[in-house]
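What TrEMBL says about this protein:
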type   : residues : note
DOMAIN : 16-49    : domain 'WW'
DOMAIN : 57-90    : domain 'WW'
REGION : 1-21     : region 'Disordered'
Amino acid sequence: MAALRYSGLDDTDSEDELPPCWEQRTTKDGWVYYANHTEEKTQWEHPKTGKRKRIAGDLPYGWEQETDENGQVFFVDHINKRTTYLDPRLAFTVDENPTRPTTRQRYDASTTAMEILQGRDFTGKVVVVTGANSGIGFETAKSFALHGAHVILACRNMTRANEAVSRILGEWRKAKVEAMTLDLALLRSVQHFAQAFKAKNVSLHVLVCNAAAFALPWSLTKDGLETTFQVNHLGHFFLVQLLQDVLCCSAPARVVVVSSESHRFTDINDSSGKLDFSRLSPSKSDYWAMLAYNRSKLCNILFSNELHRRLSPRGVTSNAVHPGNMMYSSIHRNWWVYTLLFTLARPFTKSMSTTNSIRWVGAEKSMLICFVEEECIGIWHKGHVWALK
């Protein structure tokens, strides 16, 4: 109390009354924060009570929430024809738990994607999410869009992609979201996507490499490569390489590669410790769907690590992430056995909305060094390797 008295923060009649130079504001998702105009800073906690608050209930009849050109939320009263930056629901705020956990404890397995982005404003940011018409990709795209970002859903099936766009617009009609065709199983399609994106003349602040195939029967793509390897790793590598200049010009920017903890249960080296190229795109006789998936996820991590090493000096970071063990999604749809297993495990899995409480994963350094020294972090096609430039 002595410190409060010294700073003048106790010189008010009400506990919730703000000290001079402070203003109460709200985010798009209903959280209250406080702006100090003297020190030009903002914070979540009330400057006197230290409590966090959020808005309770919907806007009164006739009111609508808007966002100005600077990304700040304001409110329009259509009945009385007036505009204000003060949320009319501020009189009905509710306190959050005052014993806020530490940063390391803030997120857990029940944390939703919307909670991860709580209080963030991505207005003016451009985000591309591959495989965004369902599952993790859809929840990621929706969360970014509902926080103001211009989101592009890069999908193979445009019918489902447009349905996903409609679902997001159904939650917020002013969301900036669109769909573009991207088939990672066809390198020509990846190239066309990159060309179409560049033709928009927009920045690229976040690229989420999410699309993946799992439990596929053995097959070759039109480019002559095993499908799981090309869809999960090679297609994304090619995409990042084609958009690398845009990412660097948009710095600070980031690439997020959705990998898996299953990368630990495989190897891409032979018995002598040398890289075995045949394991990346195996023949039919050497193919096992689960191993192919694990190897592609290992490639994801190695690629992400090397990409970060090369581009972080230019303002582009890259991280590989693990979305959660045994998370229920539609990725298992290619074989009934996996569908049965995932169905039985569903009561114990994370939902799609909680997948963004992800944790960073890495690979063994010796394997990474071998992979980089052999210059196989790149496009491997018909016996040739192109290293990332």
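FYI, residue positions are counted from 1 along the chain as it appears here.
Here the Cβ of each residue, glycine as well, is placed from N, Cα and C on the backbone.
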Composition by DSSP (helix, strand, coil) of residues within the domain 'WW' (16-49): 0 helix, 14 strand, 20 coil
Residue counts (helix, strand, coil, in that order) that DSSP gives for the domain 'WW' (57-90): 1 helix, 13 strand, 20 coil
For the domain 'WW' (16-49), mean pLDDT (0 to 100): 83
